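**Student:** Handing you a structure now.
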Amino acid sequence: MSSTNQSSVTEFLLLGLSRQPQQQQLLFLLFLIMYLATVLGNLLIILAIGTDSRLHTPMYFFLSNLSFVDVCFSSTTVPKVLANHILGSQAISFSGCLTQLYFLAVFGNMDNFLLAVMSYDRFVAICHPLHYTTKMTRQLCVLLVVGSWVVANMNCLLHILLMARLSFCADNMIPHFFCDGTPLLKLSCSDTHLNELMILTEGAVVMVTPFVCILISYIHITCAVLRVSSPRGGWKSFSTCGSHLAVVCLFYGTVIAVYFNPSSSHLAGRDMAAAVMYAVVTPMLNPFIYSLRNSDMKAALRKVLAMRFPSKQ
């Protein structure tokens with residue numbers, strides 16, 4: 001059997017963000033704090049929406065799904081980083097690496113699809129308010145979420161199967177803090193043109209189509225707001241989209257910076273900085289972005305916290 005095949009590499013080494021011990025300790029602390037904030041913040045959002053009947057609407061249904069996906073997204077990478085630091089190890093098995101890559105891609109795709117679905121919800125609410133309840137039915141909302149899961153898993157399974165066929169020879173060091181597609185393609189000693197072609201074609205379609213839907217939705221929303229006679233009324237309508245727009249810019253800005261450049265132009269430091277933004281920082285910020293200027297959400301969160309920590313008389 002040839003020595004230059006897939007079985008010659010049984011594990012990869014995740015080099016992480018830094019090799020300096022002091023920086024590693026600081027990064028461990030930062031990642032731990034951000035991960036705890038991500039889990040706590042998003043679970044509070046889910047709990048608040050589930051316990052407050054006023055929030056049982058399509059917008060908050062999609063938001064609770066986004067919060068669930070964000071917890072899963074962050075949990076795909078950060079716990080492994082923390083565990084490796086505690087154990088003093090950099091290793092991840094070949095199968096573990098592909099598994100991590102698969103779930104990272106699935107949850108990333110789900111973020112993408114849910115942001116598009118949420119923009120459609122805002123489009124219907126602002127542009128067709130009288131037909132909102134008849135258009136955004138519970139059946140449609142469930143169908144949109146389930147359909148997103150199906151498409152995300154099918155898309156990611158295709159890319160993982162293409163990745164699994166590659167051969168990895170002597171070099172098994174990944175200059176990243178998790179298993180990502182671009183570093184793995186660079187390590188492969190096989191022809192990766194098909195993988196790169198699929199990322200830039202099929203992968204781009206899956207990523208760009210929801211983004212185009214978001215743009216179209218906001219063009220219609222902007223036109224509808226500009227037609228409102230009262231500036232105050234128009235601003236109030238558009239302000240409900242502000243949180244969603246902030247998350248869209250944060251998510252797509254970092255993803256495009258990493259995944260839609262030629263592989264030869266990728267710089268490890270820049271890619272990792274962008275990866276920290278979309279895989280760690282964005283899931284942490286989403287609960288704050290969606291709740292800071294939302295009075296209904298803040299009231300629901302106060303209610304949940306009051307139930308958990310009742311004030312002493």
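Yeah, the Cβs are placed from backbone N, Cα and C, and that goes for glycine too.
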**Student:** Based on Swiss-Prot, do Asn172 and Met297 face the same side of the membrane?
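**Tutor:** Different domain labels for Asn172 and Met297.
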**Student:** By a Cβ-Cβ criterion of under 8 Å, what residues six or more beyond either terminus of the topological domain 'Cytoplasmic' (51-57) are in contact with it?
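**Tutor:** For the topological domain 'Cytoplasmic' (51-57), the list is 296-297, 299-300, 303-304, 307.
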**Student:** Here are some disulfide-bonded residues: Cys97, Cys189. Which one has the most Cβ atoms within 10 Å of its Cβ?
**Tutor:** Cys97
**Student:** Compare 26-50, 140-158, 273-292 by their Cβ pairs under 8 Å to the transmembrane segment (101-120) and return the stretch that comes out on top.
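**Tutor:** Maximum Cβ contact count belongs to 140-158.
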**Student:** I'd like the per-state residue tally for the topological domain 'Cytoplasmic' (121-139) from DSSP, helix first, then strand, then coil.
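**Tutor:** Summed over the topological domain 'Cytoplasmic' (121-139), the classes give 16 helix, 0 strand, 3 coil.
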